[in-house]
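Visitor: The structure that follows is given in the form of C-alpha cells.
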Amino acid sequence: MSRVTLSRYLIEQTRSHNTPADLRFLIEVVARACKAISHQVSKGALGGVLGSLDSENVQGEVQKKLDVISNEILLEANEWGGHLAGMASEEMDNAYQIPGKYPKGAYLLVFDPLDGSSNIDVNVSVGTIFSVLRCPDRNGDTGDLGEDAFLQPGTQQVAAGYAIYGPQTMLMLTLGDGVKGFTLDRELGSFVLTHDNIKVPESTKEFAINMSNQRHWEAPVQRYVSELLAGETGPLGRNYNMRWIASMVADVHRILTRGGVFMYPRDAREPDKPGKLRLMYEANPMSMIIEQAGGAATDGSQRILDIQPTSLHQRVPVFLGSKEEVLRVTAYHRG
C-alpha cells in the first residue's frame, strides 16, 4: 500500500470535502516552513543558532536566536504566495502586512514560531503552533490590515496545527474534520501520514502542570491537584502520574497521543494577567486540535474556543486534554 503524503492527503480533502485550493496550498507552505525550522533546530551548537539575543518580544520575554530565525522563515515562506491577507506572530508587536508587490489572499495566519524555545539550549522538544482564520470582508479597503481582523473566536478557525521537533519531526493537523498526524520522512523530504483519526482517551491517569507554582494557584486548582496527588485513597480513587516538560507543544503532544490533562492556570503573582499562554496562537489552535480529537479545553469557566479576543496577544488560563478531567476541574471553578 502506497504511503499518503501530506500533499496527497490535502488533495484528497479538496476532492472529498471541498477544501479550498488556497487553503491546501497555504498548509503546504506552512509545512515546508516547518521543515526548514526543523533543519535549523537540528543544527544546534553546530549551526551557531543557540543562545539568546539582546532583544525582547512584545511579551517582555528575551528572544532566543531560533525564535527570530523561525519567525523569519514563516514570514518569508508565506508572504508571497497570494493566499494570505496578513500574519501575526508571538514575536511581533503588530500584525504583519503582506508587501504590496505580492497579491493578497483570503486567509490570516497566526503563529508561535518556536514554542518552548526556553528549552532549546538543553535539547528538549520544541515546536511551531499555527492557526488559520478567514480574513473578514474589507469592502475594497487596500490599506494596512488592522488588528481587529484577527480578533475572531477560536470557533472561526478553518485549520490549526503544530509541528513538534523531537526525535522525529511531526506535523499534527486539523481542518475541522478530525486530527491527522504526519511524520517527516527525511529521505523523501515529505510529511507522511502515520497517525490517522487521533482520539484523546476520555479518562486518564496523567496530568501536566508546573507544581513549583502551587502556592500561587486559585482554590479550585489547589483542590483539583490535591485530589490528583491523593491517589487511590483520595476522592478520585486512582493513582495519577505527573509529567511536565515546560514546552506546551511537547506536553500537549503527549496528552494528544496517550491521554492526560494539561493545565496552565492563572496565579496570584500577576493578578492583572489572566494567564501565561496566549489565546490567539497557543490556546486556540491547541484547543481546536484537542476538541477535534474528542477532548475538551476551557479557561476554567468557559470553552476556550468561545472566547471573544480583545487583543492580539491576549493571555488566558488553559485546561485541556481528556474530557473527563477537564470537565472536573472546570466544575470546581464554577463552584
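The backbone N, Cα and C atoms fix where each Cβ goes, glycine too.
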Visitor: Taking Swiss-Prot at its word that ASP112, ASP115 bind Mg(2+) 2, choose the one of GLU270, GLU282, GLU291 listed for that site.
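Guide: The record-listed residue among the candidates is GLU282.
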Visitor: Out of ASN78, ASN210, ASN239, which one does Swiss-Prot list together with ASP115, GLY116, SER117, SER118, LYS276 for substrate?
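Guide: Same substrate site in Swiss-Prot: ASN210.
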Visitor: Per Swiss-Prot, which of GLU90, GLU147 sits in the Mg(2+) 1 site along with ASP112, LEU114?
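Guide: As annotated by Swiss-Prot, ASP112, LEU114 share the Mg(2+) 1 site with GLU90, chosen from GLU90, GLU147.
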Visitor: For a quick check of packing: other C-beta atoms within 10 Å of the C-beta of LYS276 (substrate binding site), how many?
Guide: 19
Visitor: Just to be sure I understand: of SER118, ASN210, LYS276, GLU282, which binding-site residues have a C-alpha no more than 10 angstroms from the C-alpha of ASP112 (Mg(2+) 1 binding site)?
Guide: GLU282
